[in-house]
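Features of the protein shown, as given by TrEMBL:
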- B:15-274: domain 'Heme-copper oxidase subunit III family profile' (DOMAIN)
- B:21-46: transmembrane segment (TRANSMEM)
- B:52-71: transmembrane segment (TRANSMEM)
- B:92-115: transmembrane segment (TRANSMEM)
- B:140-159: transmembrane segment (TRANSMEM)
- B:171-189: transmembrane segment (TRANSMEM)
- B:209-233: transmembrane segment (TRANSMEM)
- B:254-273: transmembrane segment (TRANSMEM)
Amino acid sequence: MSFLARNVLRSTLRATRATKSRAYSAAQGSGSFAAEQAAIEHHAAGTTDLWRKISFYGCFPAVAVCVAWVYNAEAEHAAHEEHRKAENGGHLPEVPAFEYMNRRVKPFPWGMNTLFYNPHTNKDMEAEA
Amino acid sequence: MTKNYIKMNNKIKFQYFPYHLVDPSPWPILLSFSLLTFTTGAVLYMHGFNNGGLVLTLGFLLTSSGMALWFRDVISEATLLGCHTREVKNGLMLGVFLFIVSEVFAFLSVFWAFFHSSLSPAIEIGGSWPPLGITPLDPFAIPLLNTILLLSSGAFITYGHHALIAGNRKAAIDGTLLTIIFAILFTGLQYYEYSEAGFTMADGVYGSAFYASTGLHGLHVIVGTIFILVGFVRIVNYHLTKSHHQGFEAAIAYWHFVDVVWLFLFLAVYFWGGA
């Protein structure tokens, strides 16, 4: 009998302190994990729609406008380069060989040119060596 | 006797605290040695030592496979074993933010190098910034597009994140996938820009500062893309739930950090430094 009384007392005490001491308990009721989670989900449903609108009606048009702008800027740049080439007998004017330009103390592990070497814009250091 | 044994055994099985005590793991020590091999290999390779490329390849394979095996353990602890309690998640997120702070200081050092050389340019480079003979890139062409792409990807990832919390699986997948696509577009455009640039990494301090800062950022974009890709694959495979997606949140925090660094790069290196 005493065993039963002890168990009843123990579970009553546990029930009263449960919500206080265990904030991570998944028990129902206000302040519980489940209630907090439900509130977060409810809030997230609204913000998802907000960010969907920002993404599809804000970002996509902005990217489209920017692509058009950049396309024009790059086309203008290319036309200018062609003009400079035409003025200079078919190739771009040579940049003076300043001491701090095209520094090579030793070759790169793969050769004399950089990994992003482009014969139209960079000096061919393979030919220089 | 038997009854007591069962009682004891059950007591051992029950965990009275919310923390995660990890099992002994071989990955930290293995990864330490892999990283040492990787960095040593990089130095040997770049300075033209014999077999430097071999050590570098070995170091890369060891590091990436060690990371994959370690992350596999973390994923099983999080997804299958239920070790990621609220307490553990707080600790992990604190770790992520401390990591990002250390990254901020890494970028601070390259920005310091850039401003050190550009704010009072030396007489050897013509006393001007950009130095004589350097044609900088137009900030209002591809760099501007890259800025818009990164900012948009930040909006897409927020859309995906909030959809995940709200339990909207389709939107979570859409938002994350769009982020990855824009991230890859950014990297592709940076590659194009690097190939079209009239200056190289070896063109004095301008080339060094430009490629060190934008290159370090580019590597972070690639890593961030892989980070988000892992989150994407885990969403598709039902690993991530409305309340448990710590790895994905870490990827988002990292991505926003990379985004903010780009804004500073755009303003300082491309706009101010190229004018």
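Cβ atoms are placed via backbone N, Cα and C, with glycine included.
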Between the transmembrane segment (B:140-159) and the transmembrane segment (B:21-46), are there at least three Cβ pairs closer than 8 Å, leaving out pairs fewer than 6 positions apart?
-> no
With the greatest number of Cβ pairs under 8 Å to the transmembrane segment (B:171-189), the stretch among B:92-115, B:209-233, B:254-273 is B:209-233
Are there residues at least 6 beyond the ends of the transmembrane segment (B:254-273) whose Cβ is under 8 Å from a Cβ of it, and what are they?
-> 96, 100, 103-104, 107, 111, 114-115, 118, 129-130, 136-137, 139, 143-144, 146-147, 150-151, 153-154, 157, 179, 209-210, 213-214, 217, 220-221, 223-224, 227-228
Beyond the flanks of the transmembrane segment (B:209-233) by at least 6 residues, Cβ under 8 Å | 71, 103, 106-107, 110-111, 113-114, 117-118, 157, 173, 176-177, 179-180, 183-184, 186-187, 190, 194, 199-201, 240, 245, 247-248, 250-252, 254-255, 258, 261-262, 265, 269, 273
For the transmembrane segment (B:92-115), the distant same-chain contacts (Cβ-Cβ under 8 Å, at least six residues beyond its ends) come to 84, 208-209, 212-213, 216-217, 220, 246, 249-250, 253-254, 257, 261, 264, 268-269, 273
Per-region confidence, the domain 'Heme-copper oxidase subunit III family profile' (B:15-274) (mean pLDDT, whole number) | 95
